[in-house]
């Protein structure tokens, strides 16, 4: 075969590899789309379902309806990591698609607040499990040089899901607002992407790293050859084999007795909580309520809330581009400074401009500024780093524990926000978030490492080396004291 023909064949194979990788990414990130829609739709549905004759919600039950999904997501994240480690990333996502469909229908036809809270909890199990499994799956199929952009496409689909929720809320609320069951129409739309996810995952291959961890090296290499050039696949399977030597045992909590793994878990939990204590989901879940509190009417607040969704999508696209240019750690710190500034201004100007016609527009502008920093830097980096830092044999469990903490923090914020807003007002509530942002910046500066440009196996080796150095220092100190 001539050189030109060989190059043509290689070029076609390369296009086929990239095409399949894009298909896998698109299909699996429908889990992220559902995550976004199901967390965002409550933003516009709450004012309608809270009314007399519907679910008759009080501030407490309103908080429970919004946050029961988050509590479910915490447990879904915890068990989802173990489930995906045991049954595989692909099969777990297939199960999740069915749970998304069943729980969404349960929420849609809920006759009272208690049933709604129960089905929102079940929906949360699916959301939490997806929040662990999908980024892990994407990280494990991605080449190191493209991992950042591929994994953060899940974050893009999350905010697209939220934008779709806000848009459908505004359209349905404006055109069918007189209907008693308008909120049910908002909720049931989520069954459509769940059906797409289920059918799509039937044609997607399993994670090669999960297959290798189960001793199925031949299957792992076969999958890698579908999404990599042959030489790259061969090199990658060697790295994977080397990484799992001596770690073929079943993952369990006993693994966290090792100091280097315990340190990674500490960092993972910290990163997860940092993402939440910015207060982002108080805006994503209660944006309509915040704008009503500032002075907008319900219909205007629903429409204004679309701006939050649009800026989130634009910001994540920009963040994905930035990840190819900028290191993770500086992005995270700059994002935190930006969100803290926006929250501080909301708190101050809500006092200065209280009762004026300008206040709702100022609050809307500042929430857009807040989301620009949050979605460009913090949210994109959070999910990416959580999928990167854990070693292969505890990746599902470690990410599950970290994401459990993320959703627990999310639940606490989601539940307490409407209560705080009702009792201490908007300004004081946002000042609390400013204080928590300061603590978050200090944590990132002290503990969070840089992960850009390194394979998952190289990161694991680096953490192991750190652990050995720490052990040696402790041993030297013990020897010196004795």
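Using N, Cα and C of the backbone, Cβ positions are placed for all residues, glycine too.
Model confidence over the topological domain 'Cytoplasmic' (1-29) is summarised by a mean pLDDT of 68. Annotation source Swiss-Prot lists topological domain 'Cytoplasmic' at 1-29 (among others), citing sequence analysis.
Feature annotation from Swiss-Prot assigns topological domain 'Extracellular' to 51-59 (among others); the stated evidence is sequence analysis. Within the same chain, residues 65, 110, 112-113, 116, 180, 183, 418-419, 422 sit at least 6 positions outside the topological domain 'Extracellular' (51-59) and bring their C-beta atoms closer than 8 Å to a C-beta of that stretch.
Annotation comment: Swiss-Prot describes 81-92 (among others) as topological domain 'Cytoplasmic'.
With a cut-off of 8 Å between Cβ atoms, the residues of this chain six or more beyond the topological domain 'Extracellular' (114-120) that come close are 49, 55, 61, 64-65, 68-69, 72, 103, 106-107. What Swiss-Prot records for 114-120 (among others) is topological domain 'Extracellular'.
Taken through DSSP, the topological domain 'Cytoplasmic' (142-155) splits into 12 helix, 0 strand, 2 coil. Among the features that Swiss-Prot reports, topological domain 'Cytoplasmic' is placed at 142-155 (among others), with the record citing sequence analysis.
Residues 45-46, 48-49, 53-54, 108-109, 299 of the same chain sit 6 or more residues outside the topological domain 'Extracellular' (177-184) yet have a Cβ under 8 Å from a Cβ within it. Feature annotation from Swiss-Prot assigns topological domain 'Extracellular' to 177-184 (among others).
The topological domain 'Cytoplasmic' annotation in Swiss-Prot covers 206-263 (among others) and rests on sequence analysis.
Note on the topological domain 'Extracellular' (285-301): residues 39-40, 42-44, 46-47, 66, 166, 169, 173-174, 177, 308, 350, 357, 359-360, 362-364, 367, 414, 417-418, 421, 426 of its chain, located 6 or more positions outside it, place their CB under 8 angstroms from a CB of the stretch. Per Swiss-Prot, topological domain 'Extracellular' is recorded for 285-301 (among others).
Residues or ranges marked as topological domain 'Cytoplasmic' in Swiss-Prot: 323-331 (among others). Each residue in the topological domain 'Cytoplasmic' (323-331) gets a DSSP state, and the totals come to 5 helix, 0 strand, 4 coil.
Here Swiss-Prot flags 374-400 (among others) as topological domain 'Cytoplasmic', drawing on sequence analysis. Packing against the topological domain 'Cytoplasmic' (374-400) from elsewhere in the chain are residues 77-85, 131-133, 135-136, 138-140, 147-148, 151-152, 154-155, 158-159, 209, 213, 240, 243-244, 247-249, 251-253, 255-256, 261, 264-265, 267-268, 271-272, 274-275, 278, 280, 311-312, 315-316, 318-320, 322-323, 328, 331-332, 334-336, 338-339, 406, 448-449, 451, 456-457, 459-460, 463-464: each is 6 or more residues past its ends and has a CB under 8 Å from a CB in it.
Annotation comment: Swiss-Prot describes 445-482 (among others) as topological domain 'Cytoplasmic'.
Counting same-chain residues at least six beyond the ends of the transmembrane segment (30-50), those with a Cβ under 8 angstroms from any Cβ of the stretch are 56-57, 62, 65-66, 69, 93, 96-97, 100, 104, 116, 123, 126-127, 130-131, 133-134, 153-166, 168-170, 173, 177, 182-183, 186-187, 189-190, 193-194, 196-197, 200, 281, 284-289, 292, 298, 302, 305, 309. For 30-50 (among others), the entry in Swiss-Prot reads transmembrane segment, with the evidence type sequence analysis.
Among the features that Swiss-Prot reports, transmembrane segment is placed at 60-80 (among others).
The transmembrane segment annotation in Swiss-Prot covers 93-113 (among others) and rests on sequence analysis.
Beyond its flanks by at least six residues, the transmembrane segment (121-141) meets 21, 24-25, 28-29, 31-32, 34-35, 38-39, 68-81, 83-84, 89-90, 92-93, 96, 99-100, 102-104, 106-107, 147, 150-151, 153-154, 207-210, 223, 227, 383-384, 386-388, 395-396, 399-400, 403-404, 406-407, 456 of its own chain at Cβ-Cβ distances under 8 Å. Annotation source Swiss-Prot lists transmembrane segment at 121-141 (among others), citing sequence analysis.
Long-range neighbours of the transmembrane segment (156-176) within the same chain, counting only residues 6 or more positions beyond its ends whose Cβ lies under 8 Å from a Cβ of the stretch, are 29-41, 43-45, 48, 182, 185-186, 189, 193, 284, 287-288, 298-299, 302-303, 305-306, 308-310, 312-313, 315-317, 320, 375, 379. Annotated transmembrane segment per Swiss-Prot: 156-176 (among others), in sequence order, evidence recorded as sequence analysis.
Within the chain carrying the transmembrane segment (424-444), a Cβ under 8 angstroms from the stretch's Cβ atoms is held by residues 270-271, 273-274, 277-279, 282, 290, 293-294, 329, 332-333, 336-337, 339-340, 343-344, 346-348, 350-351, 363, 417, all 6 or more beyond its ends. Through the fold, the topological domain 'Cytoplasmic' (81-92) approaches residues 129, 132-133, 136-137, 140, 201, 204-207, 210, 251, 395-401, 403 of its own chain, all at least 6 residues removed from its boundaries and within a Cβ separation under 8 Å. Within its own chain, the transmembrane segment (264-284) has Cβ neighbours under 8 Å at 39-40, 43, 70, 162, 256, 290, 308, 332, 336, 339-340, 343, 367, 370-371, 374, 378-379, 382, 385-386, 389-391, 398-399, 401-403, 405-406, 409-410, 413-414, 417, 429-430, 433, 436-437, 439-440, 443-444, 447-449, 463, counting only residues six or more beyond its boundaries.
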